[in-house]
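Per TrEMBL, these features apply:
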- 368: active site, proton donor (ACT_SITE)
- 255, 297, 298, 299, 300, 397: pyridoxal 5'-phosphate binding site (BINDING)
- 300, 337, 341, 369, 397: substrate binding site (BINDING)
- 47-303: domain 'Orn/DAP/Arg decarboxylase 2 N-terminal' (DOMAIN)
- 73: N6-(pyridoxal phosphate)lysine (MOD_RES)
Ligand SMILES: *Cc1c(COP(=O)(O)O)cnc(C)c1O
């Protein structure tokens, strides 16, 4: 195998240097591992910016305004929010914690949207008193709390109504269900949404500007979005006649798929955007509506492929005829997705990318848990203790879902751009634990 065929296994902007080392964004992954230790989450900032540009360019062809709102839950950090603010994207937050970080990063308040199925009174109070861009209202109790708050604070707030449209999308399938069984949003089929607008219309300080739906994640087809757009625009047309409702914003959520392994064949991101635009134009015209603003909420598709986790290889266990386990210095504590969703990943050894002596191994994490596996049956060049494993496409729902299980400390997060590296989040240390803990000796 030569370097060229091998480079098919690399992702996006990665390269192999003369030392046969993996290069991410112009920086040697081996040098990063040496400088910051492992496990370390590396983000190629150039790639994040490219993904944002792709969406923005595709939407620039649309006749009305658009917003690309990054879904913070995929990965949030102060430095990332600062970068996103510069890139002029909007931000979805789903908790007081994410909102706090966004405000600390100096994110423009009018571009922050607040999501969640159980926002607390305190969280809503902060969001409303800070006058963020909008609240995506999820349920009836939330309407009651928001009404109380806008009256108390004597302010108005823009909201979107989260609709459960009875369409669920998973990768290559989308399922249209009569009755959507979901903890999120107001159900369309049963008329919960109609009940909701009736209530909201009566509240003077709540300004309902549009509708929202999010149909799933890691979606590789456009049909699910098209069905939802048709359903929501029909509903908007009905409400226009009944309530003189003006649909200013149509938010179709996130879920755009990315590549983890060769088995994934996601659409180019602009294809999703173009299909969404086409569908909004068609169904707005058919329903006699003005073109609404289009908002989307990509999370995974912005940061997923830009992230690579570097681990150091440790022990091995070879069970003849059965399996060779190769353990690394991280695992389910820094990436729960394989254990939680049977998620598949791919990777290479960063210190010997191209090597003819390959074997099939399974990569185990270091937690005391049989389920702590990162990859099953991957082909790698005979991993040895001290080798650096680079696991690809770990940028979304990796660090964001990290825990301290087994008292493992959270990895460092390093940003890379134009051959430079920057420590965005330092590695957690065991001393950090003691900041939270109290000795029993202090109990008198
Ligand atoms: C999770 C989520 C997203 C982001 O989904 P991705 O698959 O990461 O793009 C967007 N909107 C809502 C409401 C979500 O819950």
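Every residue gets a Cβ built from N, Cα and C, even glycine.
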- Query: Which recorded positions from the list 341, 368, 369, 397 come close to ligand 1, meaning a Cβ under 6 Å from one of its atoms?
  - Reply: none
- Message: Here's one to test understanding: among the recorded positions 255, 297, 299, 368, whose C-alpha is closest in space to the C-alpha of residue 73 (N6-(pyridoxal phosphate)lysine)?
- Response: 299
- Would you list, in sequence order, the recorded positions among 341, 368, 369 whose CA lies within 10 Å of the CA of residue 397 (pyridoxal 5'-phosphate binding site)? none
- Report the member of 341, 397 (the binding-site residues) whose C-beta atom has the most other C-beta atoms within 10 angstroms. 397
- Of all the recorded positions given, namely 298, 300, 368, which is spatially nearest to residue 341 (substrate binding site) at the Cα level? 300
- Note on the structure: CA pair residue 299 (pyridoxal 5'-phosphate binding site) / residue 369 (substrate binding site), Å rounded to integer, equals 29
- How many whole Å apart are the CA atoms of residue 255 (pyridoxal 5'-phosphate binding site) and residue 368 (active site, proton donor)? 32
- Other than its own, how many Cβ atoms are within 10 Å of the Cβ belonging to residue 297 (pyridoxal 5'-phosphate binding site)? 26
- Between residue 297 (pyridoxal 5'-phosphate binding site) and residue 337 (substrate binding site), what is the CA-CA distance rounded to a whole number of Å? 21
- Query: Rounded to an integer, what is the Cα-Cα distance in Å between residue 337 (substrate binding site) and residue 300 (pyridoxal 5'-phosphate binding site)?
  - Reply: 13
- Task: For residue 299 (pyridoxal 5'-phosphate binding site), just give me the three-state DSSP call.
- Result: coil
- Same-chain residues at least 6 apart in sequence with Cβ under 8 Å of the Cβ of residue 369 (substrate binding site), in sequence order, are 332, 339, 405
- Item | Extent of the pyridoxal 5'-phosphate binding site in Å [max Cα distance among 255, 297, 298, 299, 300, 397] | 15
- Do me a favour and check the Cα-Cα span between residue 368 (active site, proton donor) and residue 298 (pyridoxal 5'-phosphate binding site); whole Å is fine. 34
- Note on the structure: In this predicted model, the domain 'Orn/DAP/Arg decarboxylase 2 N-terminal' (47-303) has a mean pLDDT of 95
